[in-house]
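Undergrad: To start, I am sharing the structure in question, which I have written as C-alpha coordinates.
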Amino acid sequence: ITCLVMYLFAEFDDAANLLAANPDATTISIDEPVEIPKNQHSHLQEPGREEDDELLGTDDSDKTELLAGQKKSAPFWTFEYYQTFFDVDTYQVLDRIKGSVFPVPGKNFVRLYIRSNPDLYGPFWICATLVFTIAVSGNLSNFFIHLGKPTYHYVPEFRKVSIAATTIYAYAWLVPLALWGFLMWRNSKVMNIVSYSFLEIVCVYGYSLFIYIPTAILWIIPQKVVRWVLMVFSLCLSGSVLVMTFWPAVRDDNRRIAVATVASILLLHALLAVGCLAYFFDAPELDIPAPIIPAHNATTVITKSH
(Lines of atoms letter the chains of each structure in order from A and count residues from 1; the text may use other names and numbers.)
(Lines give C-alpha, C1' and ligand atoms only; values in the text may rest on other atoms or scores of the structure.)
Protein backbone atom coordinates (compact mmCIF):
# COMPACT_ATOMS: atom_id res chain seq x y z
CA ILE A 1 0.00 0.00 0.00
CA THR A 2 2.87 2.36 0.85
CA CYS A 3 4.43 1.71 -2.56
CA LEU A 4 1.09 2.38 -4.29
CA VAL A 5 0.62 5.67 -2.49
CA MET A 6 4.16 6.74 -3.35
CA TYR A 7 3.51 5.81 -7.01
CA LEU A 8 0.33 7.93 -7.18
CA PHE A 9 2.10 10.93 -5.65
CA ALA A 10 4.88 10.53 -8.22
CA GLU A 11 2.32 10.59 -11.06
CA PHE A 12 0.69 13.76 -9.69
CA ASP A 13 4.09 15.42 -9.39
CA ASP A 14 4.90 14.58 -13.02
CA ALA A 15 1.56 16.01 -14.20
CA ALA A 16 2.11 19.18 -12.18
CA ASN A 17 5.58 19.61 -13.61
CA LEU A 18 4.26 19.18 -17.19
CA LEU A 19 1.47 21.71 -16.60
CA ALA A 20 3.91 24.20 -15.13
CA ALA A 21 6.20 23.79 -18.14
CA ASN A 22 3.33 24.20 -20.66
CA PRO A 23 0.46 26.33 -19.21
CA ASP A 24 -1.48 26.22 -22.53
CA ALA A 25 -1.84 22.46 -22.46
CA THR A 26 -5.39 21.13 -22.80
CA THR A 27 -6.78 19.14 -19.92
CA ILE A 28 -9.79 16.85 -19.97
CA SER A 29 -12.36 16.77 -17.19
CA ILE A 30 -15.15 14.27 -16.87
CA ASP A 31 -17.47 16.89 -15.39
CA GLU A 32 -16.79 19.39 -18.19
CA PRO A 33 -20.11 20.46 -19.82
CA VAL A 34 -20.70 19.67 -23.46
CA GLU A 35 -20.27 22.70 -25.70
CA ILE A 36 -23.41 23.76 -27.58
CA PRO A 37 -22.89 24.23 -31.33
CA LYS A 38 -22.87 27.83 -32.41
CA ASN A 39 -25.74 27.48 -34.84
CA GLN A 40 -28.00 25.90 -32.22
CA HIS A 41 -27.05 28.53 -29.65
CA SER A 42 -27.88 31.33 -32.03
CA HIS A 43 -31.28 29.84 -32.82
CA LEU A 44 -32.08 29.44 -29.13
CA GLN A 45 -30.90 32.92 -28.30
CA GLU A 46 -32.76 34.78 -31.02
CA PRO A 47 -35.93 32.90 -32.03
CA GLY A 48 -37.41 35.95 -33.77
CA ARG A 49 -34.34 36.52 -35.89
CA GLU A 50 -34.83 33.22 -37.70
CA GLU A 51 -38.25 34.34 -38.97
CA ASP A 52 -36.85 37.68 -40.14
CA ASP A 53 -33.95 36.00 -41.95
CA GLU A 54 -36.29 33.57 -43.65
CA LEU A 55 -38.62 36.39 -44.66
CA LEU A 56 -35.73 38.39 -46.09
CA GLY A 57 -34.67 35.44 -48.19
CA THR A 58 -31.59 34.32 -46.22
CA ASP A 59 -30.36 31.09 -44.61
CA ASP A 60 -32.78 28.22 -45.26
CA SER A 61 -34.86 30.15 -47.78
CA ASP A 62 -31.75 30.65 -49.92
CA LYS A 63 -31.26 26.90 -49.94
CA THR A 64 -34.91 26.44 -50.86
CA GLU A 65 -34.62 28.88 -53.76
CA LEU A 66 -31.42 27.15 -54.89
CA LEU A 67 -33.15 23.78 -54.87
CA ALA A 68 -36.10 25.32 -56.70
CA GLY A 69 -33.74 26.63 -59.34
CA GLN A 70 -32.23 23.19 -59.76
CA LYS A 71 -35.71 21.73 -59.98
CA LYS A 72 -36.74 24.09 -62.78
CA SER A 73 -33.53 23.88 -64.78
CA ALA A 74 -35.21 22.33 -67.83
CA PRO A 75 -35.38 24.50 -70.99
CA PHE A 76 -38.44 26.71 -71.16
CA TRP A 77 -39.58 25.24 -74.50
CA THR A 78 -39.96 21.75 -73.01
CA PHE A 79 -43.03 20.31 -71.33
CA GLU A 80 -41.01 19.39 -68.22
CA TYR A 81 -40.30 23.06 -67.53
CA TYR A 82 -44.00 23.99 -67.27
CA GLN A 83 -44.86 20.73 -65.52
CA THR A 84 -42.92 21.88 -62.46
CA PHE A 85 -45.31 24.81 -62.04
CA PHE A 86 -48.17 22.34 -61.49
CA ASP A 87 -46.22 19.92 -59.28
CA VAL A 88 -48.43 20.26 -56.19
CA ASP A 89 -50.69 17.84 -54.34
CA THR A 90 -54.21 18.28 -53.04
CA TYR A 91 -53.16 18.80 -49.43
CA GLN A 92 -50.87 21.69 -50.34
CA VAL A 93 -53.59 23.38 -52.38
CA LEU A 94 -56.15 22.97 -49.59
CA ASP A 95 -53.67 24.26 -47.04
CA ARG A 96 -52.99 27.36 -49.13
CA ILE A 97 -56.69 27.95 -49.68
CA LYS A 98 -57.25 27.70 -45.94
CA GLY A 99 -54.42 30.17 -45.33
CA SER A 100 -55.96 32.66 -47.77
CA VAL A 101 -59.42 32.38 -46.20
CA PHE A 102 -58.20 32.48 -42.57
CA PRO A 103 -55.13 34.75 -42.56
CA VAL A 104 -53.00 34.72 -39.43
CA PRO A 105 -52.09 38.22 -38.18
CA GLY A 106 -48.39 38.91 -38.44
CA LYS A 107 -47.67 35.88 -40.61
CA ASN A 108 -46.39 36.09 -44.15
CA PHE A 109 -48.38 34.03 -46.68
CA VAL A 110 -45.38 33.47 -48.96
CA ARG A 111 -43.12 32.29 -46.14
CA LEU A 112 -45.72 29.97 -44.63
CA TYR A 113 -47.26 28.39 -47.74
CA ILE A 114 -45.69 29.43 -51.05
CA ARG A 115 -41.91 29.70 -50.85
CA SER A 116 -41.24 25.97 -50.57
CA ASN A 117 -43.11 25.20 -53.81
CA PRO A 118 -44.96 27.99 -55.68
CA ASP A 119 -47.51 26.67 -58.15
CA LEU A 120 -49.88 27.79 -60.89
CA TYR A 121 -52.34 24.94 -60.50
CA GLY A 122 -54.30 26.53 -57.67
CA PRO A 123 -54.40 30.08 -59.09
CA PHE A 124 -55.44 28.87 -62.56
CA TRP A 125 -58.39 26.79 -61.37
CA ILE A 126 -59.43 29.33 -58.75
CA CYS A 127 -59.65 32.01 -61.45
CA ALA A 128 -61.49 29.66 -63.82
CA THR A 129 -63.99 28.68 -61.13
CA LEU A 130 -64.50 32.31 -60.18
CA VAL A 131 -65.18 33.26 -63.81
CA PHE A 132 -68.02 30.75 -64.24
CA THR A 133 -69.33 31.37 -60.72
CA ILE A 134 -69.68 35.11 -61.32
CA ALA A 135 -71.21 34.67 -64.78
CA VAL A 136 -73.74 32.03 -63.72
CA SER A 137 -74.59 33.76 -60.44
CA GLY A 138 -75.04 37.07 -62.27
CA ASN A 139 -77.58 35.53 -64.66
CA LEU A 140 -79.44 33.81 -61.82
CA SER A 141 -79.50 37.01 -59.81
CA ASN A 142 -80.97 38.89 -62.76
CA PHE A 143 -83.60 36.19 -63.17
CA PHE A 144 -84.67 36.20 -59.50
CA ILE A 145 -84.82 39.99 -59.32
CA HIS A 146 -87.23 40.23 -62.27
CA LEU A 147 -89.11 37.02 -61.51
CA GLY A 148 -92.86 37.58 -61.60
CA LYS A 149 -92.83 40.75 -63.71
CA PRO A 150 -95.17 40.26 -66.69
CA THR A 151 -93.17 42.53 -68.97
CA TYR A 152 -89.83 40.75 -68.37
CA HIS A 153 -88.51 38.13 -70.76
CA TYR A 154 -85.41 36.26 -69.52
CA VAL A 155 -82.51 36.06 -71.96
CA PRO A 156 -79.25 34.37 -70.76
CA GLU A 157 -76.20 36.58 -71.28
CA PHE A 158 -73.34 34.33 -72.32
CA ARG A 159 -71.12 37.30 -73.01
CA LYS A 160 -70.71 37.70 -69.25
CA VAL A 161 -68.44 34.64 -69.26
CA SER A 162 -65.95 36.23 -71.65
CA ILE A 163 -66.11 39.57 -69.83
CA ALA A 164 -65.52 37.91 -66.46
CA ALA A 165 -62.66 35.81 -67.84
CA THR A 166 -60.92 38.84 -69.38
CA THR A 167 -61.29 40.89 -66.21
CA ILE A 168 -60.20 38.27 -63.69
CA TYR A 169 -57.29 36.77 -65.63
CA ALA A 170 -56.01 40.22 -66.58
CA TYR A 171 -56.07 41.20 -62.92
CA ALA A 172 -54.44 37.95 -61.77
CA TRP A 173 -51.54 38.32 -64.24
CA LEU A 174 -51.01 41.97 -65.14
CA VAL A 175 -51.18 43.37 -61.61
CA PRO A 176 -48.62 40.84 -60.27
CA LEU A 177 -46.41 41.60 -63.26
CA ALA A 178 -46.51 45.33 -62.54
CA LEU A 179 -45.91 44.75 -58.82
CA TRP A 180 -42.99 42.40 -59.50
CA GLY A 181 -41.38 44.96 -61.79
CA PHE A 182 -41.86 47.69 -59.20
CA LEU A 183 -40.31 45.59 -56.41
CA MET A 184 -37.35 44.71 -58.64
CA TRP A 185 -36.84 48.41 -59.40
CA ARG A 186 -37.00 49.38 -55.74
CA ASN A 187 -34.74 46.48 -54.81
CA SER A 188 -32.02 48.00 -56.97
CA LYS A 189 -32.28 51.21 -54.93
CA VAL A 190 -32.98 49.92 -51.41
CA MET A 191 -31.00 46.90 -50.30
CA ASN A 192 -33.43 45.74 -47.57
CA ILE A 193 -36.37 45.27 -49.94
CA VAL A 194 -37.67 41.69 -49.85
CA SER A 195 -37.27 39.97 -53.20
CA TYR A 196 -40.33 38.03 -54.37
CA SER A 197 -40.32 36.08 -57.60
CA PHE A 198 -43.01 36.66 -60.22
CA LEU A 199 -44.36 33.15 -59.66
CA GLU A 200 -44.73 33.77 -55.93
CA ILE A 201 -46.64 37.02 -56.49
CA VAL A 202 -48.99 35.36 -59.02
CA CYS A 203 -49.54 32.54 -56.54
CA VAL A 204 -50.47 34.97 -53.75
CA TYR A 205 -52.92 36.88 -55.96
CA GLY A 206 -54.48 33.69 -57.28
CA TYR A 207 -55.16 32.19 -53.88
CA SER A 208 -56.38 35.52 -52.48
CA LEU A 209 -59.29 35.40 -54.97
CA PHE A 210 -60.70 32.15 -53.59
CA ILE A 211 -62.89 33.91 -51.01
CA TYR A 212 -64.88 35.51 -53.84
CA ILE A 213 -66.14 32.12 -55.09
CA PRO A 214 -68.52 31.45 -52.17
CA THR A 215 -69.21 35.19 -52.01
CA ALA A 216 -70.34 35.25 -55.66
CA ILE A 217 -72.74 32.39 -54.93
CA LEU A 218 -74.22 34.33 -52.01
CA TRP A 219 -74.56 37.39 -54.23
CA ILE A 220 -77.59 35.64 -55.76
CA ILE A 221 -79.55 36.85 -52.72
CA PRO A 222 -81.80 39.63 -54.09
CA GLN A 223 -80.91 42.12 -51.34
CA LYS A 224 -78.49 44.89 -52.28
CA VAL A 225 -77.46 45.60 -48.68
CA VAL A 226 -76.60 41.94 -48.05
CA ARG A 227 -74.50 41.82 -51.22
CA TRP A 228 -72.44 44.85 -50.30
CA VAL A 229 -71.88 43.61 -46.75
CA LEU A 230 -70.62 40.30 -48.14
CA MET A 231 -68.39 42.15 -50.59
CA VAL A 232 -66.82 44.28 -47.83
CA PHE A 233 -66.24 41.19 -45.67
CA SER A 234 -64.55 39.28 -48.50
CA LEU A 235 -62.52 42.33 -49.45
CA CYS A 236 -61.19 42.65 -45.90
CA LEU A 237 -60.14 38.99 -45.77
CA SER A 238 -58.42 38.84 -49.15
CA GLY A 239 -56.97 42.33 -48.77
CA SER A 240 -55.41 41.43 -45.43
CA VAL A 241 -53.58 38.53 -47.09
CA LEU A 242 -52.07 40.92 -49.65
CA VAL A 243 -51.15 43.54 -47.04
CA MET A 244 -49.46 41.05 -44.70
CA THR A 245 -47.56 39.61 -47.65
CA PHE A 246 -46.32 42.76 -49.36
CA TRP A 247 -45.93 45.18 -46.46
CA PRO A 248 -42.70 43.45 -45.27
CA ALA A 249 -41.40 43.84 -48.82
CA VAL A 250 -41.69 47.65 -48.79
CA ARG A 251 -41.60 48.68 -45.14
CA ASP A 252 -37.86 49.47 -45.28
CA ASP A 253 -38.38 51.72 -48.28
CA ASN A 254 -39.32 55.39 -48.15
CA ARG A 255 -42.36 55.79 -45.92
CA ARG A 256 -44.48 57.52 -48.54
CA ILE A 257 -43.55 55.02 -51.24
CA ALA A 258 -44.32 52.08 -48.94
CA VAL A 259 -47.73 53.43 -47.94
CA ALA A 260 -48.57 54.37 -51.55
CA THR A 261 -47.62 50.87 -52.74
CA VAL A 262 -49.84 49.10 -50.21
CA ALA A 263 -52.67 51.59 -50.86
CA SER A 264 -52.42 50.92 -54.61
CA ILE A 265 -52.59 47.16 -54.01
CA LEU A 266 -55.74 47.56 -51.91
CA LEU A 267 -57.29 50.04 -54.35
CA LEU A 268 -56.91 47.71 -57.34
CA HIS A 269 -58.21 44.81 -55.30
CA ALA A 270 -61.24 46.84 -54.21
CA LEU A 271 -61.91 47.98 -57.78
CA LEU A 272 -62.09 44.35 -58.89
CA ALA A 273 -64.59 43.42 -56.18
CA VAL A 274 -66.74 46.52 -56.60
CA GLY A 275 -66.65 46.27 -60.40
CA CYS A 276 -67.75 42.63 -60.43
CA LEU A 277 -70.60 43.31 -58.01
CA ALA A 278 -71.78 46.45 -59.79
CA TYR A 279 -71.60 45.08 -63.34
CA PHE A 280 -72.71 41.46 -62.95
CA PHE A 281 -75.25 41.82 -60.14
CA ASP A 282 -76.38 45.42 -59.63
CA ALA A 283 -76.39 46.68 -63.21
CA PRO A 284 -79.78 48.10 -64.27
CA GLU A 285 -81.54 45.68 -66.58
CA LEU A 286 -84.07 46.79 -69.17
CA ASP A 287 -87.30 44.87 -69.21
CA ILE A 288 -87.71 43.14 -72.55
CA PRO A 289 -91.42 42.75 -73.24
CA ALA A 290 -92.76 39.50 -74.59
CA PRO A 291 -93.53 39.49 -78.33
CA ILE A 292 -97.09 40.69 -79.12
CA ILE A 293 -98.93 39.76 -82.32
CA PRO A 294 -99.92 42.89 -84.23
CA ALA A 295 -103.66 43.70 -84.35
CA HIS A 296 -103.90 43.84 -88.15
CA ASN A 297 -102.71 40.25 -88.42
CA ALA A 298 -105.54 39.12 -86.16
CA THR A 299 -108.07 41.12 -88.18
CA THR A 300 -106.86 39.56 -91.39
CA VAL A 301 -107.23 36.08 -89.95
CA ILE A 302 -110.79 36.80 -88.82
CA THR A 303 -111.76 38.17 -92.26
CA LYS A 304 -110.47 35.03 -93.94
CA SER A 305 -112.51 32.87 -91.61
CA HIS A 306 -115.74 34.56 -92.76
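Each residue, glycine too, has its Cβ placed from N, Cα and C.
Nobody curates TrEMBL annotations by hand; they come from automatic prediction.
What you see is a predicted model, and the numbers here were worked out from it, not measured in a lab.
What TrEMBL shows for this protein is this:
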REGION    36-59  region 'Disordered'
COMPBIAS  49-59  compositional bias 'Acidic residues'
DOMAIN    101-274  domain 'Yip1'
TRANSMEM  120-141  transmembrane segment
TRANSMEM  161-185  transmembrane segment
TRANSMEM  197-222  transmembrane segment
TRANSMEM  228-250  transmembrane segment
TRANSMEM  257-281  transmembrane segment
Undergrad: Report the listed stretch (120-141, 161-185, 197-222, 228-250) having the maximum count of Cβ pairs within less than 8 Å of the transmembrane segment (257-281).
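TA: Looking at each of 120-141, 161-185, 197-222, 228-250 in turn, the most contacts to the transmembrane segment (257-281) are made by 228-250.
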Undergrad: Using Cβ atoms and a strict cutoff of less than 8 Å, what residues sit near the transmembrane segment (120-141) while being 6 or more residues removed from its termini?
TA: 85-86, 88, 93, 96-97, 156-157, 160-161, 164-165, 168-169, 172, 199, 202-203, 205-207, 209-210, 212-213, 216-217, 219-220, 222, 276, 280-281
